[in-house]
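Annotated Mg(2+) binding site per Swiss-Prot: Asp43, Asp82, Glu114, in sequence order, evidence recorded as sequence analysis. Taken from Swiss-Prot, the feature 3-methyl-2-oxobutanoate binding site applies to Asp43, Ser44, Asp82, Lys112, supported by sequence analysis. Residues or ranges marked as active site, proton acceptor by Swiss-Prot: Glu179.
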Amino acid sequence: MKTVSQLIDMKQKETKISMVTAYDFPSAKQVEAAGIDMILVGDSLGMTVLGYESTVQVTLADMIHHGRAVRRGAPNTFVVVDMPIGAVGISMTQDLNHALKLYQETNANAIKAEGAHITPFIEKATAIGIPVVAHLGLTPQSVGVMGYKLQGATKEAAEQLILDAKNVEQAGAVALVLEAIPNDLAEEISKHLTIPVIGIGAGKGTDGQVLVYHDMLNYGVEHKAKFVKQFADFSVGVDGLKQYDQEVKSGAFPSEEYTYKKKIMNEVNNND
């Protein structure tokens, strides 16, 4: 399992960091088997595996449930679990209680929290021993206000993002996720920080990349963002399901190959 210091060492050696967002035991098991460096249990699970319309409906209980499953599937991978909407920003005491609960009950290596406004929370969480990954740029919990669009696209917005990135590092963040920002801006931020910067839709100038398991494997998704490359096609599973349906209806399944050979009814009938 990678440690924070090893991830920082990878950045210093210019070794790119791979990260995949996964939500359950089997996907986490596959991600670990593939040798991926980090797993993110993102609150995007609300739309991807729970069928919610947005991340707004995702609860702390949801994140704990899925975080535990991922940890069981990937016991030797650096796992980061999202703080869902409403878990940060109420009061510092409550925020830290939520963070501690999520961190302890999932056995994660770090938690992730969105936005530039959470630097005081990062400081306090770090002080009590909870590693925090920050998330700037497009933050899914704020799309109701920001919309799904490129962030940092003006001079003022870019300058603010650079400042925000420096602030979250100074507050104690162990890594930073940058989402949907210009490539050159992401590269500039990565150069100026000592912590690893993981990009999603932020070009190749970051220290690593993250994609969602279901997006990159075309597994049950209808719409994919511009920055998503499909590396395999799990949608072919539908063909297998159709064949199963046909074989059940025709009686072709189960054949003898898939049937236990022991006969018992003669013994039952002889006892009558």
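Keep in mind that glycine also has a Cβ here, set from the backbone N, Cα and C atoms.
Small disclaimer: the values here were computed from a predicted structure and weren't measured.
When the C-alpha distances from Lys112 (3-methyl-2-oxobutanoate binding site) to the recorded positions Asp43, Asp82, Glu179 are tabulated, the minimum falls on Asp82. Distance from the CA of Asp82 (Mg(2+) binding site) to the CA of the residue listed as 'active site, proton acceptor' is 15 Å. Under DSSP, Asp43 (Mg(2+) binding site) is assigned to coil, being neither helix nor strand in the three-state scheme. The DSSP secondary structure for the residue listed as 'active site, proton acceptor' is strand.
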